[in-house]
Amino acid sequence: MVVCGETMKLVSLGVMLIGTILSVSSEELVGVWLGLELNLYGFLVIMNPDGHYSPEPCVKYFVVQSTGSILMLVGFVSLMEQHVVSGLVMSTAXTVLKSGVFPLHSWVPSVIKNSSWLASGLMLTWQKVAPLVFLSMILPSKSLWVVIVSMAGIGAVGGLNQNSVRVMSAYSSFVHTSWMLLGLTWSSVVFVGYFAVYSLSVGLFFYGCSLMNKMSMGSQLSSAASGMGLLMLMGMPPFLGFLAKVLVFLMSGSPVIVACIMGSVISLKFYIDFFYSMVMKSLVDKNKVEVKAIWSLVICMNIMGGALILVSFI
């Protein structure tokens, strides 16, 4: 059963990969829709491959994505029939819903909260690629700026005082989505660079958190993985998350970059709260403090703080 489950995961990941590539590279609207559907069905298997998790997030995700698919299909048919206005409205609404961006974003935290670590990680990373790319193509620049500013604000404020790591990560993804959308407005290379760094950060963070739930695994590995991923998500120098933001900042000439920066600064609050409440506690094993690990962490934080000060002067 375990081998069968792992095989199903690999097959589903392959289907998701093919679907995303088809959707992004297709020049026809039908190809975009078909790619998104392949991606959806592949991901549904990942969400609950062996039936051990609650079916609620899987059902909710299916309903949301199916609604988006129907709206998108109706919009595409309307565009083919030369009903441009209604077609664009339906297509945009469906893409916004499937992307989980403002104003149809409220379903994301509730689905993430009860999903597995793997499903949550993929939902916050890979599942965003095709819808965001298509959204950047059909939305006018000013409308896209409204989405970017709204996502940065909602993610920063919504993540405050959250007790669930997954929910916190969902709101954090809203802030990072604003950065990715801003990068998409200028260059696909910038988007790919930021997305790669963000995906690596989420992968490390969720991997460390999943290890914390397994008593057979040591605390040092989980602390190192989650701590490294968290620092990258925070955008602290000299980690890659900081460099990715600098790349978008240098390439973007839009004033909405201010909203993205403010969203990232505010989101530091709940990142730091999690850092001290979980990562520092994981360094204590049966009331025995691992002094070397703590001192290494303190030294690392001081070095990064000094680097941040130097960067601010530069």
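Heads up, residue numbers simply count up from 1 along the chain you see.
Glycine too: its Cβ is placed from the backbone N, Cα and C atoms.
Copied over from Swiss-Prot, here are the features:
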| type | residues | note |
| --- | --- | --- |
| TRANSMEM | 13-35 | transmembrane segment |
| TRANSMEM | 61-80 | transmembrane segment |
| TRANSMEM | 85-107 | transmembrane segment |
| TRANSMEM | 117-139 | transmembrane segment |
| TRANSMEM | 144-166 | transmembrane segment |
| TRANSMEM | 189-209 | transmembrane segment |
| TRANSMEM | 224-244 | transmembrane segment |
| TRANSMEM | 246-266 | transmembrane segment |
| TRANSMEM | 294-314 | transmembrane segment |
Among 61-80, 144-166, 189-209, 224-244, 246-266, stretch most in contact with the transmembrane segment (13-35) (C-beta, under 8 angstroms):
61-80
Is the transmembrane segment (61-80) in contact with the transmembrane segment (189-209), using three or more Cβ pairs under 8 angstroms as the rule and ignoring pairs under 6 apart in sequence?
no
I need to check the long-range neighbours of the transmembrane segment (246-266): which residues 6 or more away from its ends have a CB within less than 8 Å of a CB in the stretch?
145, 148-149, 151-153, 155-157, 160, 175, 178-179, 182-183, 185-187, 190, 193-194, 235
